[in-house]
Each structure stands twice: as C-alpha cells, then as structure tokens.
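Asker: First the structure, which I've put down as structure tokens, then a few questions once you've had a look.
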Amino acid sequence: MIQTTFPDRAVMAELLAKMLWEIKAVHFNAAQPYKLASGMASPVYIDCRKLLSFPRIRSTVMDFAASTLLRDAGFEQFDCIAGGETAGIPFAALLADRLGLPMIYVRKQPKGHGRNAQIEGNMPEGSRVLVIEDLTTAGGSMFKFIDAVRAAGGIVDHGIALFFYGIFGEQRFADGKVRLHHIATWRNVLPSPGSRSSSTTRRCRKSSPSSMRRWLGRERMVA
C-alpha cells in the first residue's frame, strides 16, 4: 500500500507525542538514569517498541514515516528498506509494505555460522537502501548498520528514526553523508513552558522536573 497523503509536519510530531504518552512509552527517572544505546545516561527514555502492540497507532505512525520520506527524500529514491537488529526489523517490514519495497535486515555482527551473514535478505550491489531504527540519539547504532550495508555494496544516503532525541548526532550524520529523517523529537514530547496547553503537555510537565529540561538543554555529545 503506497502512502500518498501528506499531513503537516507539526501535526505529525504532535500526534506521535500524544500517542507515546497515551501508551505510556515515555519514562522519567532522575534518581536512576537510563543507559541509552549510545552509552550515555539519560533521565528520560522512550520505548518506541511499544508502538508495535497498538495496531491503530502503529499504522498511523507508518503513514507518518512514509509521508515524511516521500515528501523529503522523493518517490523513487530507494530500492529497499533495511531494519537494524532488533527494534528496527519490525518497523522496516511495516514501512517496506507501505512503500511497496523489498525489505532486508542487518545484524549487529555476522551471525558466526552458516553463511556468516550480517545482512539477511536480497540486496543487489548498488541498491539504494534506507536504514530505519525506532529511535536514535547520537547515531552510533544506526551507523553500525549503515556501515554494514555500505560494506556489502549498498548505497545509503538516508536514514529514518521514528523518534530523534534532537540534541545530539546532527554532526555525526553530516560527517557520514547521511540525511536523517524523523517524525518527532523530545522538543515535541516535552513542550516549552510557553506552548499551548494540551493533555499531553500537562502530563509531560507533571512528569518532567527541571533536571529533564537541563539534560535536554545540553548542546551536543562527543561521539
């Protein structure tokens, strides 16, 4: 099913934030910060994998992802969709179905037996591959998958994360010659004090003391 509607970016970001709060995927713990895949400790964590358990939300988020890519990257820019082990795999399958494209998945490392493959599926050399992850902070884990696809002969100029922390990683993607697309950032989930009131905003403010805002205000991370 090819997605052909193009909602406003701000609307998509606001709705994804609302969905994440609705399914209780936004977590805060200043006393015991969460360790992210990037290795950094964060008082805030978002569990995008929970999106998979809610069919209406899952379908809507995939519509948003398809809209974002078609509008910002183009209609004929990809030959296949790659999901990174493990969270990116189901989202890659869903997005590939939306865009009518083949799907592959990339292991964190070769499996160590059989063909010792790191990439599973059919990816002809020279294929233009979009790498998808559920979320990214500094881009480290996504670039492990991007590097593996490139080493196998694929071309990766674009990546997409459903959720981007929006604090770190911009330079990493620029240096790696990858354009990162995303639907929402922490700026959407954690609105500014002057933003208009909504149920999401009120719940967010109730759960997010000043330490969260201080963390989100940091400029960047050295990868």
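Note that the numbers count up from 1, one per residue, in the order the chain is shown.
Including glycine, each Cβ sits where the backbone N, Cα and C put it.
Below are the features listed in Swiss-Prot for this protein:
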- ARG107, LYS108, LYS111, HIS113, GLU133, ASP134, LEU135, THR136, THR137, ALA138, GLY139, GLY140, SER141: 5-phospho-alpha-D-ribose 1-diphosphate binding site (BINDING)
- THR137: orotate binding site (BINDING)
- 192-212: region 'Disordered' (REGION)
- 192-211: compositional bias 'Low complexity' (COMPBIAS)
Asker: Could you say whether, by DSSP, LEU135 (5-phospho-alpha-D-ribose 1-diphosphate binding site) belongs to a helix, a strand or a coil region?
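Answerer: The residue in question, LEU135 (5-phospho-alpha-D-ribose 1-diphosphate binding site), is strand (DSSP, three-state).
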Asker: Three-state secondary structure of SER141 (5-phospho-alpha-D-ribose 1-diphosphate binding site) from DSSP?
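Answerer: SER141 (5-phospho-alpha-D-ribose 1-diphosphate binding site) sits in a helix per DSSP.
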Asker: Looking at the binding-site residues ARG107, LYS111, which one has the fewest other Cβ atoms within 10 Å of its own Cβ?
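Answerer: It is LYS111 that, of the binding-site residues ARG107, LYS111, has the fewest other Cβ atoms within 10 Å.
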Asker: Quick one: give me the count of other CB atoms within 10 A of the CB of LEU135 (5-phospho-alpha-D-ribose 1-diphosphate binding site).
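Answerer: The answer is 23 other Cβ atoms.
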Asker: Per DSSP, to which secondary structure element type does ARG107 (5-phospho-alpha-D-ribose 1-diphosphate binding site) belong, with helix, strand and coil as the options?
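Answerer: Its secondary structure by DSSP: coil.
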Asker: Judged by the number of other CB atoms within 10 angstroms, which among GLU133, THR137, GLY139, SER141 is the least packed of the binding-site residues?
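Answerer: So among GLU133, THR137, GLY139, SER141, the binding-site residues given, the one with the fewest Cβ atoms within 10 Å is SER141.
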